[in-house]
Amino acid sequence: MAGKRKTTKEEDKRPAKRNTRASEKKAEAPMQDVADETAEEATKEATSEAKAKSGWSFLKAPKGDQLKKTTKKAAAPVADVEFPPLTPEDEVAFDAIIPAPSATAQFRIVAWNVNGLRAVLKKDNYFRAYIARENPDVLCLSETKIDDASLGAVRQVLPQYPHQIWKCATQKGYSGTAVFSKTKPLSVLDEIVVDGAVDNEGRFIAVEFDHFWLVHTYVPNAGQKLDRLDYRTKQWDVALFAKLKELEKSKPVVWCGDLNVAHEEIDIHDPKGNRNKSAGFTDAERNSFGSLLTDGFVDTFRHKYPEAQTYSYFSYRFGARGKNKGWRLDYFVASASLMPHVEDSVIRSAITGSDHLPIALTLSGFPDA
């Protein structure tokens with residue numbers, strides 16, 4: 001894991017142009033939940049940089065979705081995407097950065113905000129090759145931006161996962177979550193009631209396995225002007241935390257996904273400049289999240305790596321990833337009773353393809369079935 005980045009006195013004193021710095025700081029914050037918001041040029045820049053560093057021949061600058069406006073032509077349906085077979089070169093490329101599971105590992109879960117599954121699938125075999133190498137028992141994707149009409153096509157993307165649960169937003173090209181499992185879940189919940197209404201943004205899926213509940217969410221962003229902050233903290237968080245505690249009465253819970261909060265100052269590159277100004281780093285969001293961690297749940301990554309200044313989100317703009325100007329927004333949170341089974345909890349810092357990085361949780365020590 002990456003250590004803390006130290007700045008020199010000269011860097012700390014270096015003057016900056018006010019307008020440029022203001023726009024850069026705004027761009028570094030987590031992007032508001034809007035349909036297909038990623039700019040193509042920023043995506044090309046980030047991917048080209050990764051290609052140059054990695055040497056992976058199949059990692060090309062994507063022809064992904066451009067920043068959409070209602071007056072522009074709609075994106076091609078996912079059904080038009082072709083899925084070429086994986087080659088040995090595709091999979092070998094990840095051998096050095098994705099270690100093989102330990103001999104004691106029993107269950108691996110990966111969670112990844114892909115910022116639009118359609119765009120990820122246009123990047124050659126990168127996405128599928130990474131998943132093949134990681135080989136999780138369960139894969140959780142958020143911000144899929146897939147609508148119900150496209151599900152027939154995208155179900156073919158990862159045929160090694162016969163059990164797939166998709167939750168799409170009613171608004172096309174927005175939000176959405178999915179869970180892929182090699183084994184059939186014992187039960188599935190895909191609805192959550194928030195302030196008296198069923199969530200229609202595709203943000204919640206819960207699946208039951210033998211030893212625990214897995215809850216996958218894409219937590220609402222509070223908005224660039226914090227206009228959804230009250231909804232996020234006073235309605236969504238209240239409803240979700242109640243659901244987690246309810247499920248925990250029957251089995252321990254693993255909660256994962258893009259939780260849209262940098263809990264501590266170590267979880268964000270510029271805490272002073274973003275506190276109470278940027279969605280994801282307001283006192284209200286941090287305190288709300290912290291309340292769950294004082295009520296029997298554990299941030300597994302921070303438990304394993306208490307001093308690691310490692311981030312899971314980097315804005316596409318201003319070369320944020322290359323400068324290590326990021327946020328840790330993606331988490332595996334577990335019931336305290338599950339912690340003896342948490343073998344590792346990591347951020348896959350070398351993986352590209354989205355403004356978020358995949359995170360992986362490895363569990364072990366369960367009784368044999």
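Just so it is clear, glycine is given a Cβ too, placed from its N, Cα and C backbone atoms.
TrEMBL labels come from automatic prediction, so no person has curated them.
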Matching residue for the Mg(2+) site, where TrEMBL names GLU143, ASP258, ASN260, ASP355, HIS356 - out of ASN113, ASN287, ASN324: ASN113
Can you tell me the CA-to-CA distance separating GLU143 (Mg(2+) binding site) and HIS356 (active site, proton acceptor), as a whole number of Å? 10
If H, G and I count as helix, E and B as strand, and all else as coil, what does DSSP give for ASP258 (active site, proton donor/acceptor)? strand
Any idea what the model's mean pLDDT is for the domain 'Endonuclease/exonuclease/phosphatase' (111-356)? 97
